[in-house]
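**Student:** Please read through the structure below; I'll follow up with questions.
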Amino acid sequence: NPAARSRPGAWGGSSSSAMQANGAGGGGQQQPPPPQGPAGPELGCLAAQNGEASSGSAAGEPLAHANGLLPSASAANSSGGGSSPGGLSVNNGVPAAGGPGSAAAELGGGGGGSALKKKKRLSQSDEDVIRLIGQHLHGLGLNQTVDLLMQESGCRLEHPSATKFRNHVMEGEWDKAENDLNELKPLVHSPHAIVLGIIVRMKFLLLQQKYLEYLEDGKVLEALQVLRCELTPLKYNTDRIHVLSGYLMCSHAEDLRAKAEWEGKGTASRSKLLDKLQTYLPPSVMLPPRRLQNLLRQAVELQRDRCLYHNTKLDNNLDSVSLLIDHVCSRKQFPCYTQQILTEHCNEVWFCKFSNDGTKLATGSKDTTVIIWQVDPDTHQLKLLKTLEGHAYGVSYIAWSPDDNYLVACGPDDCSELWLWNVQTGELRTKMSQSHEDSLTSVAWNPDGKRFVTGGQRGQFYQCDLDGNLLDSWEGVRVQCLWCLSDGKTVLASDTHQRIRGYNFEDLTDRNIVQEDHPIMSFTISKNGRLALLNVATQGVHLWDLQDRVLVRKYQGVTQGFYTIHSCFGGHNEDFIASGSEDHKVYIWHKRSELPIAELTGHTRTVNCVSWNPQIPSMMASASDDGTVRIWGPAPFIDNQDIEGKATSMYI
């Protein structure tokens, strides 16, 4: 293409002479000086965008960008009456149809182009976009396209000094790259002391790469010279220098690469080095690496974060999404629709809990039974697996062991017994009761799966093994609900003083973590141990940050009196919160929003408990005083094509 004939490269900014790109620059006419932009000669785009020549340039002389870079071609779309070397005027790099001067005659009626209509200068944001596109195209290897884009726009990808620096780093010419730092120093607009510090850090990174490459090549003396005479005098990061000196003992290259966690001499390690070096330079000098991809990824992540119903695994790969449309998840893809109603219980259902692996659901009822349900991995339908009988007072709380092999069942306030079941065999392993006056209403497993804690409102607080043997006890704590943290030491307990305290059974210490103004009826903890979800009497559902010990959010809508209602975290990343309610509904909130995003109807009495499947984010269960357990999932659908031809789903 004639417009790109003598372009030295997409990353460069200078050429030996002005080219006749876009019909510009011939004829030997002296051009008038352009107005200087507010950015000055260093940062601006081409001073004369699309029709203006740079200040003081004449035919045959290099035209200067307003940002100080010599272009490889003249400013776009100006006309000097000249012709390309082939005798045809060139417009946007393509020979004009009418021969010499025809483009000028058509656009300006002759006269050497004096009547040419000048195009609007590029704004700063336009220039930024062009640079981002150019960088992305360069990464794809479309260098000629980048050349044309830069010529026509009058922009540049980076400062010429940065281009030179980049090339020297990638070619391993470390002395030249070090000298390039002197040219880059004035381009770092910071106080002098800060600039010096930046240059020292950049020099350290260069010399470190130089040192490692010498070592890999077996040039130990040269590497030692770099370490002693170049790196050490910098007096920077002496701890790292000690580490580097240890690499002298490496017996072979593979050992060096492993210990240094380094890719070895070549493009990969040098590219990574450039990425680090770039962070010290302003983007006007050198663009951050893969800037366009990073911006697009951030946009996709932001759209996902703002999507109230997003409930699928996060994938940061841009190839997994369409950049042509905004991200939207439909409510119909959310577990808002009754998939199945389980009616095998013959009285109020007080509790439900999915196993940790998501393959089973346990439900406890006033009818004295625990029912274990099997989840079909394909249809997501549940079928009765086992019925565990004999809980005379009913079952108000259930806890799965970490490996899902065991299940502990508790009763209501007047129940002094606790049942430990083997889920695989359906056999009762332990029936524990310390005293007939006890009240054991809550239980939590230690992460090791070998111990559990239990307690109740009459002052019992025990730690037991799998055979029901008492290991430890804490006197005088009236327990409402329990949870074991992942450290294996701390047990959280809500008590009758409207608080949650942390108890350490090893050193027998306790501390206050959460204080509410009303009774805490139940609580649950997020997987990462950071957040606590509380059902507070007469107040509803509260979210606490346990680390900062602050109330984060109060969720609206739910009706909560003095019944014990169990809420839960759920969905991918536990982004959602669900709770039962005394108004017969199930409420779902996005964790960041106080208003519910869904109110699920179907139950006819109080909904006591909800459980979100930890492995199937689109499945949730709810247990109610109406004697049923409802399984919630997405709306049934069939694939269809909408009128725009996009793949969608038709829900029925």
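Each residue, glycine too, has its Cβ placed from N, Cα and C.
What you see is a predicted model, and the numbers here were worked out from it, not measured in a lab.
In case it's useful when we look at the structure, here is the feature table from TrEMBL:
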COMPBIAS  13-22  compositional bias 'Low complexity'
COMPBIAS  66-78  compositional bias 'Low complexity'
COMPBIAS  86-95  compositional bias 'Low complexity'
COMPBIAS  101-114  compositional bias 'Gly residues'
DOMAIN    158-222  domain 'CTLH'
REPEAT    342-376  repeat 'WD'
REPEAT    388-419  repeat 'WD'
REPEAT    600-632  repeat 'WD'
**Student:** For a three-state summary based on DSSP, what are the helix, strand and coil counts in the repeat 'WD' (600-632)?
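**Tutor:** Helix, strand and coil residues of the repeat 'WD' (600-632) number 0 helix, 16 strand, 17 coil.
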**Student:** Take the repeat 'WD' (600-632) and find every residue of the same chain, 6 or more past its ends, with a Cβ under 8 Å from one of its Cβ atoms.
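**Tutor:** Sequence-remote neighbours of the repeat 'WD' (600-632) are 311-312, 333-343, 345-354, 356-359, 361, 363, 365, 375, 380, 382, 563-572, 576, 578-582, 584-588.
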**Student:** Taking the repeat 'WD' (388-419) alone, what is its mean pLDDT?
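**Tutor:** Value for the repeat 'WD' (388-419), mean pLDDT as a whole number: 92.
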**Student:** Determine how many residues of the repeat 'WD' (342-376) DSSP places in helix, in strand and in coil.
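**Tutor:** Per DSSP, the residues of the repeat 'WD' (342-376) fall into 0 helix, 19 strand, 16 coil.
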**Student:** Please list, for the domain 'CTLH' (158-222), how many residues fall into helix, strand and coil according to DSSP.
**Tutor:** 53 helix, 0 strand, 12 coil
